[in-house]
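First comes the structure, then the notes that go with it.
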Amino acid sequence: MANSIKTIGVIGAGQMGNGIAHVCALAGFDVRLNDLSVDRINAGLATINGNMARQVAKGAIEEDVRQAALDRIVPAATYDDLRPCDIVIEAATENEEVKRKIFQSVCPSVRPETILASNTSSISITRLAASTDRPERFIGIHFMNPVPVMQLVELIRGIATEDPTFEAARELVEKLGKTVTVAEDFPAFIVNRILLPMINEAIYVLYEGVGSVDSIDTAMRLGANHPMGPLQLADFIGLDTCLSVMQVLHDGLADTKYRPCPLLVKYVEAGWLGRKAKRGFYDYRGEKPIPTR
Ligand SMILES: NC(=O)c1ccc[n+]([C@@H]2O[C@H](COP(=O)([O-])OP(=O)(O)OC[C@H]3O[C@@H](n4cnc5c(N)ncnc54)[C@H](O)[C@@H]3O)[C@@H](O)[C@H]2O)c1
């Protein structure tokens with residue numbers, strides 16, 4: 001089945017969607033990129049262009065490889081434009097309602113044999129699959145951020161996911177040069193079940209005044225040997241995504257230890273969503289990031 005995957009649809013051209021389109025195109029797949037508007041698709045394409053140019057500058061890829069990969073990514077303004085796709089990977093905002101609506105709307109436009117996948121960080125694959133007409137051809141393919149750099153991809157079966165769907169997803173991920181790990185369909189799977197409570201705790205440490213943004217991040221970089229501090233990482237992930245994941249953990253596991261920190265809620269309400277909004281726990285509007293607390 002995976003051998004027959006030639007064309008990949010990506011819904012959502014934000015940081016994850018454009019990263020997925022980037023690696024798929026570099027691996028030789030044809031890509032169709034969708035978002036809410038042509039402007040957003042074009043913003044995603046511009047990011048891919050810039051990121052691939054950086055890879056050329058670093059000597060990671062040749063200029064002709066970059067050009068060929070860019071040519072393989074075609075904007076898909078409507079779901080009907082996704083019809084040629086053998087698999088469609090959804091990477092839209094981390095909100096179950098948004099994702100369910102996308103899957104309901106996309107089903108009539110794609111072929112019956114097309115596999116549907118979600119890049120969700122936390123939401124039940126079984127529930128998302130139930131909003132489609134093909135739960136047996138539905139799977140979670142959870143890439144890490146930034147997609148071109150990070151090695152791991154979590155694969156998550158829903159209760160109805162059939163073996164050929166799983167094998168097709170595994171072969172696809174391997175063709176992208178990534179390593180698969182398999183997680184069961186529980187809230188936030190493996191990586192985020194462990195990572196997000198740590199980030200949320202770092203925000204509580206900030207909220208309670210135990211340390212400043214700088215002291216918390218320095219402590220975890222130099223004291224726990226993390227490559228970046230938890231607040232810097234939260235900004236990188238996007239604070240709206242962090243909050244959604246904590247809400248899914250809190251609702252899904254019904255344990256108060258997953259209560260989202262009120263300070264995280266406040267930052268999201270302010271629209272301070274991290275790097276993508278140019279402000280989060282750091283302010284990115286100047287030459288170098290300045291801690292906001
Ligand atoms: N940020 C991370 O570190 C990370 C890592 C792994 C997985 N994810 C998951 O990837 C998904 C996307 O996250 P992101 O960080 O790229 O967010 P983002 O905010 O950068 O991008 C989301 C994109 O989805 C688009 N979108 C929203 N509704 C849509 C719709 N109905 N149709 C088409 N496009 C729509 C938005 O316009 C936006 O461009 C989420 O499910 C998130 O949990 C994120």
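Heads up, the Cβ atoms here are built off N, Cα and C, so glycines get one too.
Remember, predicted model here, so these are calculated numbers, not experimental data.
Look at G12 (NAD(+) binding site): DSSP puts it in coil. What TrEMBL lists as NAD(+) binding site is G12, A13, G14, Q15, M16, G17, D35, E94, K99, S121, N145, K276.
Feature annotation from TrEMBL assigns domain '3-hydroxyacyl-CoA dehydrogenase NAD binding' to 7-185. Within the model, the domain '3-hydroxyacyl-CoA dehydrogenase NAD binding' (7-185) carries an average pLDDT of 98.
For 189-284, the entry in TrEMBL reads domain '3-hydroxyacyl-CoA dehydrogenase C-terminal'.
Per TrEMBL, the feature site 'Important for catalytic activity' maps to H142. Shown in sequence order, N119, T120, S121, V153, E154, L155, I156, A183, F189, V191 are the residues of the chain, 6+ apart in sequence, with a C-beta less than 8 angstroms from the C-beta of H142 (site 'Important for catalytic activity').
The binding-site residues near ligand 1, defined by a Cβ under 6 Å from one of its atoms, are G12, G14, D35, N145, chosen from G12, G14, D35, K99, N145. Within the same chain, residues at least six positions away from N145 (NAD(+) binding site) with a Cβ under 8 Å of its Cβ are Q15, M16, G19, F236, I237.
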